[in-house]
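Straight from TrEMBL, the features:
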type: BINDING; residues: 12-19, 59-63, 123-126; note: GTP binding site
type: DOMAIN; residues: 4-173; note: domain 'Era-type G'
type: DOMAIN; residues: 204-281; note: domain 'KH type-2'
type: REGION; residues: 12-19; note: region 'G1'
type: REGION; residues: 38-42; note: region 'G2'
type: REGION; residues: 59-62; note: region 'G3'
type: REGION; residues: 123-126; note: region 'G4'
Amino acid sequence: MTTRAGFVALIGEPNAGKSTLTNQMVGAKVSIVTHKVQTTRARIRGVALQGESQIVFVDTPGLFRPRRRLDRAMVAAAWGGAADADIIVLMIEAHRGVTKGVEAILEGLEEIGKGRKIALAINKIDRVKSEVLLALSKDLNERYDFVETFMISAEKGHGCAHLKEWIAGELPEGPWLYPEDQIADLPMRMIAAEITREKLTLRLHQELPYQMTVETEQWEERKDGSARVDQMIYVMRDGHKGIVLGNKGETIKAVSKAAREELEEFMGRRIHLFLQVKVRPNWLEEKERYSEMGLDFRDGNT
Ligand SMILES: Nc1nc2c(ncn2[C@@H]2O[C@H](COP(=O)(O)OP(=O)(O)OP(=O)(O)O)[C@@H](O)[C@H]2O)c(=O)[nH]1
């Protein structure tokens, strides 16, 4: 059977219901973290499976802060992952309609939307009468040429299965992007990696090796409620390894402690964090697909 996989960017104003919809589609386990994903720079909201399709929901942090008219490059940068997603789903709140924020988003879509599959999901339909809904749908479709329009209630689940099926069928054919056993804790893995990267950045300042990345390789739940987290810090050259380790390992020890403390606070539980450093010279090529999506952790010195 043919598998499909790809990235779906859920966009919309704050409160549009992006987390609620992700939870509907992904399932309960991820929901605890997805609300917090926004507080970090990690960009995966969650991964859902539908038939033979793997749907990776990505986030667009900082996208819709009020701002003046943007030029194309700025729009593309601000849109980050969304600009490269296979499918974009714009979520609108039915009872709020076309706000200034929505207008700004539509303007952004004009810039980056060409040739992309962009669907409209009017959410919170439980809050309005059907006449209002139809008028809003008409208005929005006149403003932008959406490939599909869905009327949903992310909270109550109405229309969500239909939307998910549509997404699954529209994704490009190809192998799954993440192994099945990693899906549930993927956002946590990414958050944990991002925290460590941030601590490294704080500690190393200008010394920070160019192009360094952190990956969470293993996330193991323990019976006592704690978790063991193994991370690898990848650098490009041998010399960089020494910088990350520091004199007698003092740098990595300090980073590990700071990262563990933050992670424990974030997760509200005990974490055993293990860091290792490895040289991976061809890392740039491997990460290409991911960096396009904004899924890697940006180069150390940016
Ligand atoms: N009535 C109703 N409320 C909803 C629906 N979907 C989401 N909500 C509520 O809207 C609020 C915002 O939902 P979120 O899912 O947190 O919105 P979000 O877009 O992820 O928000 P940010 O993370 O701030 O960008 C929550 O209180 C939800 O319970 C819906 O279908 N109907």
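Here the Cβ of each residue, glycine as well, is placed from N, Cα and C on the backbone.
Whatever TrEMBL says is automated annotation, not expert-curated.
Looking at G12, N15, K18, the binding-site residues in this record, the fewest other C-beta atoms within 10 angstroms of the C-beta turn up around N15.
Listed in sequence order, A94, L133, M151, I152, S153, H158, G159 are the same-chain residues six or more apart from I125 (GTP binding site) with CB atoms under 8 A from its CB. N15, K18 are the binding-site residues among N15, K18, I125 whose C-beta comes within less than 6 Å of an atom of ligand 1, given in sequence order. Under the DSSP three-state reduction, N15 (GTP binding site) is assigned to coil, being neither helix nor strand. Broken down with DSSP, the region 'G4' (123-126) shows 2 helix, 1 strand, 1 coil.
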